[in-house]
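J.: My questions will all concern the structure given below.
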Amino acid sequence: MVKKSRRRGAAQWAAVRAQAGLTATDENEDDLGLPPSPGDSSYYQDQVDEFHEARSRAVLAKGWNEVESGEEDGDEEEEVLPLDIDDGDDEDGESSEEEEVGEDDDGGSSVQSEAEASVDPSLSWGQRKKLYYDTDYGSKSRGRQSQQEVEEEEREEEEEAQIIQRRLAQALQEDDFGVAWVEAFAKPVPQVDEAETRVVKDLAKVSVKEKLKMLKKESPELLELIEDLQAKLTEVKDELEPLLQLVEKGVIPTGRGSEYLKTKYNLYLNYCANISFYLILKARRVPAHGHPVIERLVTYRNLINKLSVVDQKLSSEIRHLLTAKDGAVKKEMTPKAKLTKTKPKSVKQAAAVALTDEPDFDGAALKYYKEMEDRQELKRKKEENSAEEQALEEQNAKRAITYQIAKNRGLTPRRKKIDRNPRVKHREKFRKAKIRRRGQVREVRREEQRYSGELSGIRAGVKKSIKLK
């Protein structure tokens with residue numbers, strides 16, 4: 001190792017001296033000790049300076065790449081503490097080390113090539129430094145480009161910015177939002193496993209008021225649905241079923257009216273059936289908040305609300321039909337009374353007779369009109385009888401008592417109305433006293449503005465002074 005390094009040092013020294021232009025004669029002259037001439041470089045420099053200057057010239061000639069490799073070789077071959085070791089062992093060791101270094105270099109280059117191949121080409125750096133300097137927004141570059149090229153470049157820049165933004169968003173993780181360091185300082189909260197305690201109430205001992213309160217808190221819509229169920233069932237029983245019986249008997253002709261009655265009847269029954277199902281769920285303590293029956297109830301409620309407009313229009317006719325049916329039932333139960341007087345036919349009866357001449361007129365409608373006329377005639381007769389009886393009672397009745405008899409005041413003196421209320425009496429007394437006081441003593445008037453004369457004028461005969469006592 002020592003011999004090899006010495007040989008390399010001698011070779012380098014010879015190369016440096018050859019490049020510096022020194023020969024053996026120059027060395028001999030130096031050895032003779034003759035003084036150098038002023039034009040010679042040795043006049044200002046010694047051998048050490050010449051050596052370093054020659055070495056720097058050689059370095060500049062070779063280039064920076066060779067300089068770095070040379071410096072590395074020099075650093076490696078610099079000997080500090082020499083050891084007496086055979087050159088053969090050193091050469092074997094160096095050869096093995098060189099092989100290992102070569103293998104390491106091959107492995108590192110293969111790993112580096114694989115890493116470079118796995119990198120996305122869009123993320124790699126460019127080959128020209130000019131790409132990362134200057135700008136295309138200047139007036140010089142814009143003047144040399146057409147409007148179409150400028151718009152194309154702007155569009156490409158916008159697309160590139162969007163791609164970068166998406167890539168950065170995909171690379172974000174939970175740690176990037178800065179929540180982890182906050183959680184690190186958070187104090188751990190001890191979790192206590194609490195046993196679930198269920199309080200069983202004896203409903204037999206709870207009052208009705210408390211039960212209603214609990215029911216309203218648990219399901220406030222339950223009471224409203226129960227009331228709605230009762231109302232709809234009553235309407236079905238008292239109104240819709242009798243009208244449908246008239247439709248079946250033929251009293252009400254088939255048409256839109258009968259179809260409307262059937263639709264309303266079926267709608268009410270379905271609505272009541274869904275409410276009953278909801279009540280069954282509540283009785284079995286099944287949670288019904290997410291059950292489909294709630295949605296079905298809302299649908300039926302909306303349809304019923306839409307029918308309310310039609311119900312208002314047809315309410316008078318439905319009431320008339322129901323009263324007509326009640327009158328017909330009563331008429332069947334009581335025998336017909338013979339009419340003693342013959343009266344002219346009414347307009348409705350004449351219209352009914354006229355309608356019988358039409359071939360398409362239904363006999364059920366004619367029967368309905370006749371029943372309605374008979375009922376109105378009976379009602380008119382009852383009103384006449386009641387009016388005659390009332391007139392007879394008024395003729396035989398006694399005279400009514402007078403106001404004086406009813407009040408029975410006797411010789412009570414007349415009193416003012418204001419005396420009945422002491423508060424109002426004293427209030428009125430105070431108001432009159434203030435008026436009298438205003439005439440006796442002048443009110444204090446503050447000088448909000450400069451004096452401009454008497455507002456009401458000055459009367460010489462008026463004296464408002466107070467007498468001394």
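Each Cβ is built from the backbone N, Cα and C atoms, and glycine gets one as well.
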J.: Which candidate in Lys140, Lys379 appears in Swiss-Prot with the annotation N6-acetyllysine?
T.: Lys140
J.: Hey, which of Arg375, Arg420, Arg442, Arg450 does Swiss-Prot call citrulline?
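T.: Annotated as citrulline in Swiss-Prot: Arg375.
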J.: According to Swiss-Prot, one residue in Arg8, Arg431, Arg438 is annotated as omega-N-methylarginine; name it.
T.: Arg8
J.: DSSP three-state call for Arg375 (citrulline): helix, strand or coil?
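T.: Its secondary structure by DSSP: helix.
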J.: Tell me whether Ser146 (phosphoserine) sits in a helix, a strand or coil according to DSSP.
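T.: The residue in question, Ser146 (phosphoserine), is coil (DSSP, three-state).
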J.: Tally of helix, strand and coil residues over the compositional bias 'Basic residues' (412-439) according to DSSP?
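T.: Secondary-structure composition of the compositional bias 'Basic residues' (412-439): 22 helix, 0 strand, 6 coil.
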J.: For Arg375 (citrulline) and Ser146 (phosphoserine), determine the Cα separation and express it in whole Å.
T.: 100
